[in-house]
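Novice: I have a structure here, written as structure tokens, and I will follow up with some questions on it.
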Amino acid sequence: MKIAFVLACVAVLTVAGVCQAGNLRKNFYRTSCPAAESIVKNITETRVASNPNLPAKLLRMHFHDCFVRFNKSIWEVLTGRRDGNVSLASEVLAHIPSPFLNFSSLVQSFKSKGLTVHDLVVLSGAHTIGVGHCNLFSNRLYNFSGKGDQDPSLNSTYAAFLKTKCQSLSDRTTTVEMDPGSSQNFDASYFVILQQQKGLFQSDAALLTDKKSKKIVGELLELTDFLKEFSQSMKRMGAIGVLTGNSGEIRKKCGVINS
């Protein structure tokens, strides 16, 4: 599935946050701003045409936002979400699951937000697009257990390739595709490479260390199955900490709290 396929959901994600709870509903802006979603969709399509990395960044932004406080659409979006009055980088670091977490820590992180093991595995499939910085996984290449060793669960051929890209533990600028050869296609290939022990992050590899999550990985190899489950898990994640009615604010500038 090409990135263009997910443009509709990314566009509405921008205007609505894809969050579903409280008083959110379809066509929330029908009276106040009837063209809101089409305007955002058109602008997003234009921007993505010149920057194919944008969809991955928007998905990441949505994930951060909800965890802390496509000409076809993948899921139905309800609108009417308001912005928060607080925006702190420290809150993000404290609440977002780290790429270094083991399985039990990942489960606890998701459980604390009302999400299940199934959601954990399905939402990890978003790693099918985008890139990862070397410093977030290079310990698996050069110092996994603190003894200068390599993560034994990482495919050795893939590890050798990664070492040609990330040549030290201190490299914080070089990036690598999270889903080799498919970083601009929203598909189910993430689960295929995961079974080949080519998950980039320690948190990816952790999904194979538990019998239940490993079984779920095997159930998501087909695109239609993945998209169906992804849409449902995104809706559930989008329902975390939603502000509606008179709560929060409507920001004049998306990235800045109103003064």
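The backbone N, Cα and C atoms fix where each Cβ goes, and this holds for glycine too.
Pasting the relevant annotations from TrEMBL:
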{"type": "SIGNAL", "residues": "1-21", "note": "signal peptide"}
{"type": "DOMAIN", "residues": "56-258", "note": "domain 'Plant heme peroxidase family profile'"}
{"type": "BINDING", "residues": "Pro97", "note": "substrate binding site"}
{"type": "BINDING", "residues": "His127", "note": "heme b binding site"}
{"type": "BINDING", "residues": "Thr128, Asp179, Asp187", "note": "Ca(2+) binding site"}
{"type": "DISULFID", "residues": "Cys134-Cys166", "note": "disulfide bond"}
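Could you tell me the structural context for the features on the list?
Specialist: Counting Cβ atoms from all protein chains shown, Pro97 (substrate binding site) has 20 others lying within 10 Å of its own Cβ. A coil conformation is recorded for Pro97 (substrate binding site) in the three-state DSSP classification, outside any helix or strand.
Taking Cβ-Cβ distances under 8 Å and a sequence gap of 6 or more within the same chain, the neighbours of His127 (heme b binding site) are Met178, Asp179, Tyr190, Gly199, Leu200, Phe201, Asp204.
Around Thr128 (Ca(2+) binding site), a 10 Å sphere centred on its CB holds 25 further CB atoms from the protein chains shown. According to its DSSP assignment, Thr128 (Ca(2+) binding site) is helical.
DSSP classifies Cys134 (disulfide bond) as helix under the three-state reduction.
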Novice: Could you round the CA separation between Pro97 (substrate binding site) and Cys166 (disulfide bond) to a whole angstrom and send it over?
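Specialist: Pro97 (substrate binding site) and Cys166 (disulfide bond) have their Cα atoms 23 Å apart.
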Novice: For the C-alpha pair, I'd like the distance in angstrom between Thr128 (Ca(2+) binding site) and Cys134 (disulfide bond), rounded off.
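Specialist: Cα-Cα, rounded: 17 Å.
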Novice: Given a separation of at least six residues and a C-beta threshold under 8 Å, show me what packs close to Cys166 (disulfide bond) in the same chain.
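Specialist: Cys134, Phe137, Ser138, Leu141, Thr174, Val176 - these are the non-local Cβ neighbours of Cys166 (disulfide bond), listed in sequence order.
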Novice: Within a 10 Å radius of its Cβ, which of these binding-site residues (Asp179, Asp187) has the fewest neighbouring Cβ atoms?
Specialist: Asp187
